[in-house]
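Participant: In case it's useful when we look at the structure, here is the feature table from TrEMBL:
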{"type": "BINDING", "residues": "153-160, 235-239, 299-302", "note": "GTP binding site"}
{"type": "COMPBIAS", "residues": "1-12", "note": "compositional bias 'Basic and acidic residues'"}
{"type": "COMPBIAS", "residues": "28-38", "note": "compositional bias 'Low complexity'"}
{"type": "COMPBIAS", "residues": "39-51", "note": "compositional bias 'Pro residues'"}
{"type": "DOMAIN", "residues": "54-132", "note": "domain 'Signal recognition particle SRP54 helical bundle'"}
{"type": "DOMAIN", "residues": "145-328", "note": "domain 'AAA+ ATPase'"}
{"type": "DOMAIN", "residues": "146-347", "note": "domain 'SRP54-type proteins GTP-binding'"}
{"type": "REGION", "residues": "1-56", "note": "region 'Disordered'"}
Amino acid sequence: MSFFSKLRDRLTRSSSKIGEGLDGIVDAGPAPAAVTPAAPQPMDPPPPAAPAAPSAGLVGRLFGTAPAKPEEPRRALDDEMLEELEDMLVQADLGVDTALRVTANIAEGRMGRRLSATELKELLATEIARIMTPVARPLPLYPKKPQVVLVVGVNGAGKTTTIGKLASQFRAAGKSVMIAAGDTFRAAAVEQLQIWGQRAGVPVMVAAQGSDPASLAFDAMTRAEAEGADLLMIDTAGRLQNRQDLMEELAKIVRVIRKKDPTAPHNTLLVLDATTGQNALNQVETFRQLADVSGLVMTKLDGTARGGVLVALADRFGLPIHAIGVGEQIDDLDAFDANDFARALVGL
Ligand SMILES: Nc1nc2c(ncn2[C@@H]2O[C@H](COP(=O)(O)OP(=O)(O)OP(=O)(O)O)[C@@H](O)[C@H]2O)c(=O)[nH]1
């Protein structure tokens, strides 16, 4: 199955919220004046008998002419309709600012025009793609060996799973990859990472429980350099409860790996969980203060009606979105494609 099909199938909670919302907005418009078909005039000659034709269905099947679709309902674009659209987009987690901007762009030059739900979906998808295209950028790969990727995010956001999926994809692309289990306090997190490492066929470096993550990172750098690894991914703790500690821990990891390579880390990926909705915006603000976030990965778009938050993130921060996750399996993560996402999100 292509990733777009998967995305469309799994984004249904978000897309039905928006798609059905748009259908509802168009349907809620005033009913158009009834048009009475002209009655046949008494003097009109009877219509000539048509030659017997195969049924429309059969013709359609044989010659590919689709039976005529019933006309879609339409609604004239006015202030009330725009307000409903804006509310629906806010409900769908696009956030007030983005909802306002998107609605204003849709309105421009179209006031009074009678739109069908499909046309409205196309317009919305275009606006969303316009916001998201500049941030749809795959994780950049550098010739530098090892390229060090620091992975940050709150506990449970999907860091481990994302590292496992990325490791497996880079391996499949012929890269040699190494993982460091930097959340040394949580045995369960380390165990999960080891399982993912096995699945991906990638070595996972671990340290004694509670030991210094920076020292593990240093050892991992040493080994990655010695073995000529292309990529070193470093998992980190996500305890936001003690922000100061976390900040110091991340800063120390960075300091230590820079002793080995002053240009590292080459990427700092922030993993966000789509089910947290607007809270993802706060997480970006917070982690930007803790680390030099260079790009985002959004997970769990399959389990939520709040996928619209990705549009708000793109609009607010302009940070690259490298990949999105739509499930728990190894191939349920792929590069982010703005057009595919926009169309899937509005239910096209
Ligand atoms: N449905 C779904 N579940 C996901 C996705 N990504 C991760 N998960 C699940 O989310 C849960 C948390 O993922 P982890 O990768 O362990 O998250 P973490 O950020 O490493 O969390 P800690 O290990 O607690 O720090 C796991 O049960 C994953 O299987 C996704 O894209 N879709």
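From the backbone N, Cα and C atoms, a Cβ is placed for every residue, glycine too.
Automatic prediction, not curation, is the source of TrEMBL annotations.
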Participant: Counting other CB atoms within 10 A of each CB, which of the binding-site residues G153, G156 comes out lowest?
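Facilitator: Output over binding-site residues G153, G156: least Cβ neighbours within 10 Å is G156.
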Participant: Fewest other CB within 10 angstroms, which one of the binding-site residues K159, R239?
Facilitator: R239
Participant: Going by DSSP, give the three-state secondary structure for T236 (GTP binding site).
Facilitator: coil
Participant: Among G156, T236, R239, which binding-site residues lie by ligand 1, judged by Cβ under 6 Å to any atom?
Facilitator: G156
Participant: Within 10 angstroms of the C-beta of L301 (GTP binding site), what count of other C-beta atoms is obtained when all protein chains are considered?
Facilitator: 26
Participant: If you run the three-state DSSP split on K159 (GTP binding site), which class comes out?
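Facilitator: The residue in question, K159 (GTP binding site), is helix (DSSP, three-state).
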Participant: Neighbour count, 10 Å Cβ-Cβ cut-off, for T236 (GTP binding site): what number do you get?
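Facilitator: I count 24 other Cβ atoms within 10 Å of it.
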